[in-house]
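Annotated in TrEMBL:
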DOMAIN    134-260  domain 'Palmitoyltransferase DHHC'
TRANSMEM  43-67  transmembrane segment
TRANSMEM  73-95  transmembrane segment
TRANSMEM  177-200  transmembrane segment
TRANSMEM  220-241  transmembrane segment
Amino acid sequence: MMITPIHRFRDIERKPEYLQPDKCVPPPSQSSLGTMWFIRDGCGIACAVVTWMLVFYADFVVLLVMLVPSRDYIYSVINGILFNMLAFLALASHFRAMLSDPARKLASLFPSKSNATKEFIESLQLKPGQVVYKCPKCCSIKPDRAHHCSVCKRCIRKMDHHCPWVNNCVGENNQKYFVLFTMYIALISMHALIMVGFHFLYCFEEDWTKCSSFSPPTTVILLILLCFEALLFLIFTSVMFGTQVHSICTDETGIEQLKKEERRWAKKTKWMNMKAVFGHPFSIAWLSPFATPDQGKADPYQYVV
């Protein structure tokens, strides 16, 4: 069999002298809010704050520049409720993606960091010939499909990537919330673009001083900025949403695709892969960031032996 770089790396991990906890430094605590998961990364925190500010800016322009001054009461109410509902779901999804441990199941299996000690390995009661792997960076025993994140400073199972916009890794435990976040941001961006188009047409037909509570130059600047923001995030989040759905359907994370890792886990149907992320059975809860996915009897980690 051809030896790939990944195989060579795994072979290094199998050597007894590799499992030496004194050769790496334990990672610092990543939670600053007690039991709540929170990554203390300056860049990620800044990006998360900017994300919320951009949503609030869009809401400000939609409500005070376009809907409130409108003479069509029904149009304003319907679009105001729809936009704010989608914005609320987007921010709720962002909140859960940011504050959810992306590898909760990994932590339950291997609760302590820097646990690659002889005593802990013996306590696992491994079968004859069974191999365990240790991360050279955080000194933790890790199962298959786990990768180390240099920002979170720990191993994340089914890690897709680290997203600064949610200040967290996208992994097995929060991928649903990240997908919902990208979907709802794309929807409110599209909704805002449509409303901006209608508002420009309305203002061209009417007196600009009557179609907004602000002066005409201020109104134009605010609408152009909103249009630019909505178009930019519509493209970005739509691409990210499609990439994530494809990754879920193929049951292959972004890192696994990038590294072209050997597939050692059982193949399942696309529908079963979707259920493994969003929960069993299919329900309206798939669209809710407040519903924690229930994987039911499915075992998404059946590895090929």
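Placed from the backbone N, Cα and C atoms, the Cβ positions cover glycine too.
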Please indicate, using numbers and ranges, the residues of the same chain that are 6 or more beyond the transmembrane segment (73-95) and have a C-beta under 8 Å from a C-beta there.
48, 51-52, 55, 58-59, 62-63, 67, 166, 177-178, 180-181, 184-185, 187-188, 191-192, 195, 287-290
Non-local residues, at least 6 beyond the ends, that sit with Cβ under 8 Å of the transmembrane segment (43-67):
75-76, 79-80, 83-84, 87, 90-91, 94, 98, 151, 164-168, 185, 188, 192, 195-196, 199, 212-214, 219, 222-223, 225-226, 229-230, 233
In this predicted model, what is the average pLDDT of the domain 'Palmitoyltransferase DHHC' (134-260)?
89
